[in-house]
Structures are given as C-alpha cells and as structure tokens.
Amino acid sequence: MSEHNQDLRFLISDDVLNEDPMSTGRFAEEDRGSSDTEQLTDNKNDGEEPKETAVQAAFDGSDDVNRLEEPHNPVSSTANIGNFALLESSSAEVSDASCPATMPILVRQSPKTCSQPRTRKVKLSTLSLSSDPDPDINDPEFKARLEDSNQDDQDEELDLEMEEADSAGRESGEGNRDSEDEGLLADADLPIEVLLRRYGYPVPEGEGAVNGEPEQSESKGREQAAPTSTVSETLPSTKLSLAQPANQTDQSLTDTALPEPRVPEQLIISGKRQRRKKEIWTPDDSEPQHLVGKKRIKKVEIVEKVEADVHQNGDGLVIVEEETMGDEDNDDSKVGQEEEDGHEYDSEEEYDEDEDEEEEGAKEDNVDWDDRQDKEGDIGPRVRQPFLLRGTLRPYQQAGLEWLASLWSNNMNGILADEMGLGKTIQTIALLGHLACDKGVWGQHLIIVPTSVILNWEMEFKKFLPGMKVLTYYGNQKERKEKRVGWHTENTWQVCITSYQIVLADQHIFRRKNWCYMILDEAHNIKNFRSQRWQTLLGFKAQRRLLLTGTPLQNNLMELWSLLYFLMPGGIGADATAVVGFANHKEFMEWFSNPMDKAIETGDAMDEETLETVAKLHTLLRPFILRRLKSEVETQLPGKFEHVVYCRLSKRQRFLYDEFMSRASTHEALTTGGYLGVMNTLMQLRKVCNHPDLFEMRPVKTSFAMDNVARDFEPSDILIRKRLLAEEDERRIDALAIGFGVAHNEAMSGWVARARQTYDASDKLPYAASPLRRGKLSAPPPKDTRSVELWLKYRVWAEEEFSKRRWESIRATNRQRCGISPIYGSTFLSLLGNLPNFLLPQDVQSRREETFADFTPPAAKFITSLPERAKSLEDVIDRFAVIPPNAVARNLATYALPGLEPISHPALTDPAFDTLHRSSVKLQIAFPDASLLQYDCGKLQKLFEMLRDLKSEGHRVLIFTQMTRVLDILEMFLSHNGHRYLRLDGSTKIEDRQVLTERFNSDSRIFVFIASSRSGGVGINLTGADTVFFYDSDWNPSMDRQCMDRAHRIGQTREVHIYRFVSSHTVEENMLRKAEQKRLLDKMVIQEGGFNNDWWGRVGWKDMFGDVPGITDVSGVVEKSGEGIIDIQVEGTPVAEDVEVTRPRAGEERELARALAEVEDEEDAQAARMAQGEGELDLQEFEEGPKAVAKRVRVFEPENSGTPVTTEAGETGDVVEEYDDEPGSVEEYMLKWVEEDWDYFSPYRA
C-alpha cells in the first residue's frame, strides 16, 4: 500500500465545528430511528471497539478508532461560499503528521442549517484491504413514509439480509464491487488532476499538486456534513460551476450500477436513510443521501482561501465531493448560485424540473408556508411538534412553527404578524417548547406584553406547555423584590413574563441577564425609535428577538423601519438581502418612505418607479415577516358568512319615526343645528329603529283622581248623618255577636234551628207591646235641678226610658239569634259524609265513623273559600279587567265622618283577607302587556323567528349592541320567550368577564350571550357560539370587527354566520352604505404591500356604492317588502384601523365628540369611557413623557371607541366655546372654523 493511501483522510461532519466550547470532551451520537444507538465514551484508553462505526474507510488494515473533537469557532473555522464551506484542516482534526496541517478542505454545505450547537462523537476508522466492505452502498432511497408500527423490526431484517449477501460475496472471493471503500482504494494512488478529469471536472489553472503530493479525494461518507455557521462578510472567491460530462462519468459510481433494492415496497421510508443493523439516520440528525430513481449530483466549487481569521500555511485545496438529494430543500444561496452560474445538468443527472420550480417559488415567497407544506407533504414536517406541548397545532400553525424554528437556525430575528385570532401566542409557546425539547435550549426567555394580558399569557403556558417554569413578574416594588429571590439560580424558571412599564422600571435588573429569546407582544406600539423605551429595550442582551403584532404596517413606513432596526441593529448584510445599509435611517426614508407616502397622500396613480420601489420593499420584508390572514387559511378555519337582515318597522315605530321627522324642531336642528343637531337627530332616529320604548315609553294608565262632587254641597253632611244615625237599635247590634255570619252556623243542626224559631219568646219581654196613644205624645219632663220635685220627676222618667231601651235591645238581639239557621246544617253534612256506610254489603262489619273522618266530604268541593275563588278567576281578571275608569273620587264617608278612624285590625290587614287586591289594582292601574315589547319592534319580531329556528337546529347565539338600554330590553325579551342567557356589559368587572365567557363556552344549555360592543375585547373568547347578531352597528366599525373575531377565531369548529339588523327605509340603511364605502376605501390603503393599482385616481365616494365590485345595491330588493336577508361579501383583508387619509380634520372630530357626548345615554357614555380607560391603560405603557398642555380644551375621538372622551372645562380652567351664534355668510363660516382649529395647527406652522 502506498504512502498516499495511509495519508488519506476523511472530512468529518461540520457539526464538529459547531460544537459548544463548554461541552468539550463530551461526545454523543444520536440515532432517533433506532433504539440501540451506539455511543462512545470519553475515555480514549477504552479498548472496546464498537460493533458498528459511522464512517469506515480502508487504509492500512488497522482497526484503530480516532475520536476527534474541535471547539466551536463559527468565524474563523468556516466561511460560506455558495453551497460550500471552506474548512481548515489542522493537527487537531487529523493526528497523522504526514498530511499537511494547513490543508484547506472544500466541503459542500447541506441544505439545512445547524439549529443548535451540540457535542457529537466523531469516529474515524481505518480498515485493511481485506476488511469487510461497507454495506451502506446498497441502501435504497426510501419513497414513502412507513406507517407500520413494526418499522424497526423490518429494518433490522433488511440489514441482516444485506449483511448476509455481503458475507456470501466475500466468501466467494468476489467482494462488493459497488462498495465505497473499493472505489476509494482504486482512486487512492491517482493524482488530483487525474481524479478531476476522470469525474468530469475541469482542472483550475495554476492548481496541481499540493506540496508536491497529489491531493486526496474523500469518499462519500455515510455521515453527511452538517451546515456551518454563516460569516458576517462575504469572502471574495473564484466560483467555477463544474459540470460532469456524461462521457467521462465513472459508470461504476452511478445509480444505474447499483443492485436492485431488496426491500419490499411497504418497507420504504420517505426522507430517511437506512444504515446498518438497528441504525436509521433520521432527518433531525442528517440529511438523506439517496433517492430512488434520482441521480447523484456532483458539484464542486474551488475557492481561494483568503479569510484572515483562518490560519493558513499553504495554498493547497482538498476537494470534498458530497451527494445532494433532489427532494430536499436547498438553501437560498444554492439556488442563487445555480442560477448565477447558468449550469444545466445532463439528462441523466439533473433534478426534476417541476420540483425545482416549486422550490424556487417557495423561496421567492416564503410567506406562503401552507402551500410549501403541501408540496413537502411527502417528507413530512421539518420540525416536529414538541412532545411537551399539549394539544395539536393546526397546519398553518405548524408552518409558523417551522418558520420560527428556521429563524433560530439561521441566527435571524423576525416578526410574526398573523391576523388576530390565528394563534400567535400558541405558535410562540410551541417555539419555546421546540427549543427545549429538540434543541435542549430551556431559556431563559423574556416575554414583554401589555399589562392587561399578563395573566392570559400565564394561563396559556399552564394550559399548553405546563412543563415550562413561568415567572409572572408584576406587582409593586416589594412584591417584585420577593419574586427576584433565586433570580440568578439556574432552572428556577425558564420564562419570565412582564409588562412594558415594569421592564422599564427594573431595566437595570433585566439588562444584566443574557436572554435566550426576547419576545415583544403587541410590538406595533413600539414604533417610535426616538423614545427611551425603544432605546432601552434595544440595549437588552438577547440571542434572538421576536416581535408579535397584528398590524405590522402602520401609517408610515418609518415606523416599520423602527421595528426592523430593532431586530437587526447592525443592519442587514449581503448574506441576508441585496439591500446594503438597511440600518441607515436617512437612506431608507429616501428609498421607500418618501415615494410611498407621496403616492398615498396625493392620491395619484403609482408610476413604474414607485411600483418598482414597492417590489424592492416586499423583497426586503419577506425573510423577516410572516403574515397570514384568515382568508388565506380559510380552508383550515371554519368559514365566515355575513348577512344583512332588513327589518320592517312596526306600526308604532313608523308612527314615531314619521312624527319625529315632521317636527319643526327636527327641521331646525338639521338646517341650523350644526353637528350637535345632526347627531342628536341621528341618535333619536336610531333609538326609534332599535325599539320605540327607547324613544318614548308606553304609558302606565291610571284613573284621574279627583275630589268627590257631593262634598261641595253642605246638606250632604246632614243627610248622611241622619241616615247613619236613624236606626239606633240596629246600629248598636254586633253582627258577629248575634251570629250573623254566612258560614258560621254550619255546625248547627236544622232541627235545633227550627226549634229556636218555634220557641222564640222575644215578644214576652217587657215593653214588647206598647199601648197606642191618642193625641199628642207627652213631652218629657224638663231637666230642672232648681227644685227637688222637678229633679225627681225627671229622674224617674229617665230611668224608665233607659230600661225601656235596654229591653228593646235585648228583644231585638234575641229575635235575631232565634231566627238564624244554617245553609246546609250538620245533619245534612253528616248524612253526606256517612253515605258510604249504606253501600257496604250486609255481611261486612260496619266500620267506625272515625274511619271516615280523614276523608273530605263530597259536598265540600262545592264550597270554595274566597282565596280559592280569586285564584280560579285569576286568568279572567288578567285578561279582561284591564280598563281602569277615567276618573275616581275618594270615599264620601271619609269627608262625612271626619272623626272616624280607619280600622287597622291585624286580621283585616292580612294579605289573605284582601283576596280581590289584584283585580282592584288592575282596575286602578293598567300596565302595558308583556307581549307588546316584542310586537312594538320590527327587529324583535324578526329576532324571535330566527332564534326559534336556530334553537331547533342546535345553534348558539351572540347578540351585540351598542346601547346599554337595548340590553335591558333584550333581557326582558329573552325572559318572556324562555331563553337562557348571560349578559356582559361595560359595568362588568374585568375579573368577571373570564368567568362568564368560560361558563358560556362550557355550558351548552345557555342559548344566548348578550353583550355590549363596548365591553372590552381583552380575554373574551366566545367560540361556543356559531351565530352572531348585530342588533345595531357601532359608530366605530373596528368595534364590530372585534366582536366578529370573538366567535370566529382559534377553537371554532363550526361555520360562523353573522347577521346585521338594519331597519329598511330608515337612517340605518344610509349608515350601512357609508360603512361599506369606508370599508372599500380602507381596503385600498397599505394592505399587505398592496400599494398597487390606480384606484387612487379613479375611485370616489359616489362611485364606491354600486359601481365598485363587492357592493350590491340592495335598495331595490327591499323596496316593496321592506324586509329580507342579503348576503354580503366577506372582506378578505382586515380593514386598516389607523389611516391618516380617512381621519376627519380636527374641527370635525371635536364636533363629533361633543355631539356624541351630548346625545348618548349616560349608561352608554359610561361604558365607552370604561372601554376607553382599558385601552388607555395599555397605551400608557407606550406613551413617552407628558403630553403638551394645549391652551384650549381639545376633544379627540380615541381609537377603538365609539364614544370619545371629552375633557371637562373645569379641569383646565378653560371655557368651551358654544356654537349658538351661527355665521351669517360663507366667509364668516370659514373664518370661524379656521379660528377654532388655529391652536391645533399651530405646532406645525414651524
């Protein structure tokens, strides 16, 4: 064997160069496809040789194993040159001194990038010529993914068959002619020039032998080289694309010379390479090296080594040839190099053209990850879902995870800008789980979020990734100090969640740590690069940075520049994009911001230069921003369908609507009232459309109370007193004392009653029969006390009269008692109660009467009490006794007998005594019928019909409204129809919102959830419902969009139908048209790079309705009937929320704010203020310094709120001007508006 054979060395995988210096001395070789992976220990003196080796070569017959290790040096060790890495061979790599110590080695770079530094074992073996040939040369390329659970056993059987075949060949003396070792041994003695010409590569000029000895070519090792770290500067290189002519190819090394695979079709695994016994190399550790039906592609670049950081003692080059696969994705540099060289492969060795086109298309638009995943479905996802993650990611979320993992692998930062509701939080959590499970990177990570969603993030971590230790860093200074106990202890926590305010307050603490990942939620608020917050966060030490936002593109592109510079403070080098000097603020403004802002503000159509600028901007942003809309993933999310429901006004609504419009005050307000008058009119008309009770309540009718007419006549007192005092004897008789009761004498027998009447002796009493006297009655003696005789005479007469009246009273009482008789009598009732005794057979012994005492007598049911009679007539009273008299007067006896006091005996004040109270009250007060609540409103009539059908079909409903009083009416409506519901309004506490939403989502018995559109959107997820009703539209369309997203978001499994109620032929129909016009106008404004088209020059406000595609003129549909359901087109892109060109000027804003504050109800204004307060609580974290105090009271419409917050004049001492005096001419009108807006524009005059 020649000396060159002994000096032949093999290039070890580039993973050695990416080893962590802290992990020196620890080796591990992972093989996830097999359970019996071989491992080598650190003990170099261990004499035990592993059964199988990862890399085998034939040298001098020795079986020594060289285990090499090299620390990580991403700058000085490697350099990216297209698809190759230039490595420096040193004595640490190859211990044999016969090989040049400074021999540069050119290595082809694998498609994947090293994602995480790891310490790996490297095994180098030398075998004699008589050693066993490598059986891996016969491994087939797997075509399909194995789904059988016995995959390992089948692979083991296949390996055994291949080894037996090789052993049989060696015993026969033939050996394995296709072995890599055989080919290497045959080419070992040839010079490098001969090898290059033999395999079809041109020899570079001036390059020949190295140090007088020919260079050696490395064998096609079974360990595929891993990618190396990129360098910060591009190395100047001489790039030669070397093709392989067909006539010079060694046919013994082509795939056609390989034997037919012996593996059954069902055992083929796509994307994996079967190694040897119990060894399967998975895609996570190495790239597959063979494809069934694919030709091996040999491509070598020869590049001069000029890197200053790499120590170089010679000019030699070692060319390493590696195999690539047609099915695997190549990196961007490879595709670009092939396109630049213009190389075309021969028919036998070129890629499949269709697959190349798909790969290049995916690289040109890396945003469409779903399509790319579909094309790569044969090889499966490149990043597996972390095993610690609970639940299953959706396909587009899996694509987002792969994109985030690729950012980590490529040492890049990025912006995840998915639309709200697509799960940016869960994708971020999955990324951290992937780093922990697959990369061994457990943190520590820093997540900065708004204050209102800190607990939401913590709940999401506990729900989906409970294996992570999460620290929620918030509270006062003392609480935060307690939470910092063990701050620097390893594995105390892996993720720290805090807010923007706290991270600034404790920046000296956060700045000391070296964070693994720094993630900013709602990062679109960090857009002012001059702010202290932006500069503070920029100074934090973090390996990677990730921004989460739903609106990455704001009003101007300079805000986007702030985000991109935050990700890449050092600018973008030539290895990432063609734009050099990106970090230059001035140049970026000149290149992109100024042309785009000019095109948008002027409304002119974009010229070719501007469109080219937009294309360059898109090219710049694609590698760093991932943006998916719901319309793009609608195949994975349930569909969303919007409908407009036109409702007819009821008779009462139409009467009130027409009556209000015909008022003179209404005409005056519309003509001379300004904004305040117009807004007041609109609000009143909207109240009529929502429900007439909001405009005018149905009255509760009562009788007219008046004094009694008889009181005005003086003789009435005398006549009443004479009538009441006429029968003195009867008046003094107590009815109860004499037994004058209807039902009090039923215990008396009829025999006793008749006996009393027979033996009545009332006429036998004294003075019973008074003798008739003729003539005049003698006058009573005078009461004269002047003489004894006259006094005694008067006294005798008085005693006689008293005795006479006493006997008359006794006689009348006795006659009354003897004359009473029962209605039925005890004899009759006893006869009825004992009636069953007569029906008994003669041979049955008669039972005691006490036995039947427990039974109700049959006649008792005919005798009902007053409460029972009142209850039986309750339905009649409720239905018909509803008309009170027109007028009532007080009782005359109250005025006739002023000295009498009302009776207040406890027995009379008992509610059971007054059985006719309900009927008497209804005769006095007439309440509106409960059913009129529904029949007075056309919207409620339509809602009743739709809810009835939806409930029968098993749907669940959300009802949103702007007005709080409408929620009260909806509560009465739902209670009247028997629907179970929950209510959420602006007065609901933030901590109670989560409880209500979870109860609704978990309890399917709750049919309806009614909520105010201003109840706040933080933490509200109502995916339990699949139908959304907008009873009325909010002033701010963004509030309605948030309400839609509460049901149509992650977790929704059914299609969502959205119904918007509109009263036909009213002001609501015009408001809907204006909303559609604004939606289409906003759709044309900076949406996902849509700076295209010349709509800006030809679309106007009038043309947008009817002429613009997407708007249907529904006026003719509801012209005759006045009702119906119209389907509208769901917008494919979200409406821009912050657009300067659509915002009104300051004067209009102030007028609108004042008008809404005046005309809205106090409950609605309070709900709006609370919702605005929640928004301001988050926005305060992004405000920089105190605002300048204006000289006048400024009133602005806040973002995402229907009602603006008005400033009271008393707070600042200013006086808000009134607009009672209207200008008399156009000039005065213009001057008035200019004077009002002068203070607003004064800061911009300079």
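Even glycines carry a Cβ here, placed using N, Cα and C.
Since we're looking at a predicted model, the values are computed, not measured.
What Swiss-Prot lists as region 'Disordered' is 1-53, 60-79, 109-188, 202-292, 314-381. Swiss-Prot lists 27-52, 167-178, 363-381 with the feature compositional bias 'Basic and acidic residues'. The compositional bias 'Acidic residues' annotation in Swiss-Prot covers 149-166, 320-331, 338-362. Per Swiss-Prot, the feature domain 'Helicase ATP-binding' maps to 405-570; the stated evidence is sequence analysis. What Swiss-Prot lists as ATP binding site is Asp418, Glu419, Met420, Gly421, Leu422, Gly423, Lys424, Thr425.
Following the DSSP three-state reduction, the secondary structure of Gly423 (ATP binding site) is coil. In this structure, Glu419 is the one among the binding-site residues Asp418, Glu419 with the smallest number of other Cβ atoms inside 10 Å of its Cβ. Each of the binding-site residues Met420, Gly421 was scored by how many other Cβ atoms lie within 10 Å of its Cβ, and the smallest score goes to Met420.
The predicted model assigns the domain 'Helicase ATP-binding' (405-570) a mean pLDDT of 82.
The Cβ of Thr425 (ATP binding site) has 19 other Cβ atoms within 10 Å, all protein chains considered. When other Cβ atoms within 10 Å of the Cβ of Lys424 (ATP binding site) are tallied across all protein chains shown, the result is 23.
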